[in-house]
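Some features that TrEMBL has for this protein:
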type: REGION; residues: 1-102; note: region 'Domain I, interacts with DnaA modulators'
type: DOMAIN; residues: 167-297; note: domain 'AAA+ ATPase'
type: BINDING; residues: GLY178, GLY180, LYS181, THR182; note: ATP binding site
type: REGION; residues: 351-472; note: region 'Domain IV, binds dsDNA'
type: DOMAIN; residues: 378-447; note: domain 'Chromosomal replication initiator DnaA C-terminal'
Amino acid sequence: MVDSHKMLWDKCLGMIKDNVTEQQFKTWFAPIGFESYSVANKTLLVQVPSPYVYEYLEQYYVGLLSKVLTRCFGTNVRLTYRIVTDKAHNISQDVEADEPAEIEQTVAAPQARSNRPQVSSNAASGLRNLNPQLNLRHTFNNYIEGNSNKLPRTVGMSIAEHPGRSAFNPFYVYGPSGCGKTHLVNAIGVKCKEIYPEKRVLYVSARLFQVQFTDSVRHNTTNDFINFYQTIDVLIVDDIQEWATATRTLDTFFHIFDHLFRTGKQIILASDRPPVELQGMKDRLLTRFKCGLTAELEKPNTQLCMDILSTKCRRDGLKIPVDVIRFIAETANGSVRDLEGVINSLMAYSVVYNCNIDMRLAERVIKRAVKIDNHPLTVDDILDKVCNHYNVTQQNVFSRSRKRDYVIVRQVSMYFAQKYTKMPASRIGQLIGNRDHSTVIHSCSTVEKRLKVDKAFGEELSSIENSFKLKK
Ligand SMILES: Nc1ncnc2c1ncn2[C@@H]1O[C@H](COP(=O)(O)OP(=O)(O)OP(=O)(O)O)[C@@H](O)[C@H]1O
């Protein structure tokens, strides 16, 4: 019997193979192992090698899996994943698959995914059915705190707890791509909904808002459109820089904004630039955007990137050595999206080639995944990285102290400065603590000699060199 169920599973795999590319099959389906099938419970149990593979299957292939299971095992078959969370200790966890209809991680009611907002001439019924369009994966729990996001995160929490009642209205958050704006504004919405389930929270991208508005003009339902938005308690609009030239959309938003603001409703706006740089927007709107709290989300620094990566690895059951985590964090130029891409690629490589994730693999993957910064290095960049590596300050390096730690940093910085900049020794000496050119020459030859005999020192220097690939 087991054999015949295993054969049915093989048949499923055969059908899947016909529906995905060879690479996709190799990466996501070949590693799945048949465990058992219970006729009584109509439950198929399969083993997946990591939580990451499970998540990926659930996110992208749950529909396909459901179809082939129905074909081969019959209707209403339940799928359970046995997820290996710790290979070394043979620990796994069983998780039931989502229904295909639930795969979208939103608080979704299906009709709400169309372009049109849920407008109802009967306000009461419209009010009950609002879909917040939030991404439930983006919460405060998995929004890691660091220096670059401490303020916006804290403010966000407080808004979620007291929407519309704090001085932070509107809350305008801006920052470069991939630094966590969408995650943060979503987390506010999710938290707010948790505390106040009755509140009408809505996340909408500026583009979707614009499409809805244009639709409403075409269908002559602009009043309904405005009425609908005026019923929202917490309105979150993402990427508002996209409205820069959409005059009519902006005029309409102005009315909605004013109404919500006057009636004590919370408005949260995210953009890739501060209000002053939103060209094309009228002053009456800009002054309103600025009247609450404008907070910048900076690019995460290396420590925050490392914390985000470590958390992700822990969650996905991935074992990645700390030096590899540091290397990825330093190379990804402060974009968390890039970081995640690198981790996903590493995971895929290690599954396909059945190898450990180590520095060599990381270097190979990162070249394809991340745009490496090619700006020429300055002595200042070098000092920054070397000091960071040895945990000393530039003041220590510039001082006259002969403390061993400071001397090493001085010598290594001079060595790299000579290797990577075209500057003469005298200039390098001037920039590194005002030393003369003979000190620079002596330092370089000391480092070179030590490199020939001290392997650990060589690895240390390679690790610093890797960090040069990142932006400041
Ligand atoms: N502090 C953080 N902790 C955990 N994950 C984070 C953090 N910051 C960003 N991320 C993750 O990085 C990815 C990119 O973040 P997000 O989409 O929020 O960036 P963004 O600033 O909105 O970018 P864009 O402007 O390009 O839309 C997401 O997967 C998000 O979960």
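Our numbering is plain: 1 for the first residue shown, then up by one each step along the chain.
Even glycines carry a Cβ here, placed using N, Cα and C.
Remember, TrEMBL labels are computer predictions, not curated facts.
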- Message: As a test of the contact definition, list every same-chain residue at least 6 positions from GLY180 (ATP binding site) whose Cβ is closer than 8 Å to its Cβ.
- Response: TYR143, ASN149, LEU297, PRO300, VAL336
- Within the region 'Domain I, interacts with DnaA modulators' (1-102), residues counted as helix, strand or coil by DSSP: 52 helix, 27 strand, 23 coil
- Task: Output, ordered by sequence, the same-chain residues six or more apart from LYS181 (ATP binding site) with a CB under 8 Å from its CB, or 'none'.
- Result: VAL173, TYR174, GLY175, ASP238, ALA270, SER271, ASP272, LEU297
- Task: Around the Cβ of GLY178 (ATP binding site), how many other Cβ atoms lie within 10 Å? Please give the count over every shown protein chain.
- Result: 20
- Other than GLY178, GLY180, LYS181, THR182, the chain contributes near ATP (Cβ within 8 Å of their centroid) the residues GLY175, SER177, CYS179, HIS183, LEU184, ALA270, LEU297, VAL336, ARG337
- Query: How many of the residues that make up the region 'Domain IV, binds dsDNA' (351-472) does DSSP mark as helix, as strand and as coil?
  - Reply: 84 helix, 0 strand, 38 coil
- Let me know how many other Cβ atoms fall within 10 Å of the Cβ of THR182 (ATP binding site). 18
- Note on the structure: In three-state DSSP terms, THR182 (ATP binding site) is classed as helix
- Rounded mean pLDDT for the residues that make up the region 'Domain I, interacts with DnaA modulators' (1-102): 82
- Residues of the domain 'AAA+ ATPase' (167-297) by DSSP state, where helix covers H, G and I: 67 helix, 24 strand, 40 coil
